[in-house]
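Enquirer: Structure incoming, see below.
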């Protein structure tokens with residue numbers, strides 16, 4: 001037998017011992033890793049079920065007709081809600097059931113913050129009902145009368161009139177630019193023998209406008225341009241019913 005091929009037992013023992021130590025070390029490392037993962041899972045479960053995971057801050061943006069508290073209640077998101085139980089899509093669905101809300105975007109910000117961004121339907125006017133104002137939205141729906149009479153959004157006030165004519169006017173108001181819409185203080189339906197669609201407008205700039213429901217939005221496009229031609233301090237009537245011109249009011253008319 002070739003002596004070079006003979007491996008003595010004494011030479012193998014240290015190698016076997018080292019291998020056992022290495023294996024034992026690997027087992028210990030894996031055991032520590034598993035215990036650490038288990039510990040983290042236990043901590044997460046405790047945090048998930050404890051008040052520590054509850055929402056700490058809810059920020060609401062874009063709401064005019066609902067208080068922040070109403071938004072939170074209707075969304076289903078409150079300070080007693082766990083951050084991990086909040087489903088943004090569900091909260092958005094809950095809020096879009098409100099007739100004044102056009103769109104909602106709910107964002108979660110780890111670890112405990114919720115942002116609710118609301119887009120309301122445009123307020124195109126307020127219907128005066130026995131001295132109480134009822135918001136009228138661009139989707140044709142009305143809200144409950146305002147409890148304190150304060151206008152959350154600048155828009156014209158008008159008396160209720162024929163439903164058919166109201167619908168026509170609403171369709172025209174939707175076409176107005178925000179700047180012109182905010183300039184209108186009050187709209188009065190004032191039909192004449194010659195024009196059953198006649199309207200009288202009282203503007204925030206102090207002027208009176210005579211116009212009509214038909215092509216109302218198109219006629220009102222001339223209003224900002226006419227304003228630039230009026231001398232300060234003059235009391236004039238702006239006629240947009242046929243063409244576009246101004247008429248200075250006389251002494252008797254000023255008295256009225």
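From the backbone N, Cα and C atoms, a Cβ is placed for every residue, glycine too.
Pulled these features from Swiss-Prot for this protein:
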type	residues	note
TOPO_DOM	1-30	topological domain 'Cytoplasmic'
TRANSMEM	31-51	transmembrane segment
TOPO_DOM	52-256	topological domain 'Extracellular'
DOMAIN	53-121	domain 'POTRA'
Enquirer: Could you give me the DSSP helix, strand and coil counts for the domain 'POTRA' (53-121)?
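Expert: With helix first, then strand, then coil, the domain 'POTRA' (53-121) has 20 helix, 24 strand, 25 coil.
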Enquirer: Roughly where does the topological domain 'Cytoplasmic' (1-30) sit in mean pLDDT, to the nearest integer?
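Expert: For the topological domain 'Cytoplasmic' (1-30), the model's average pLDDT rounds to 58.
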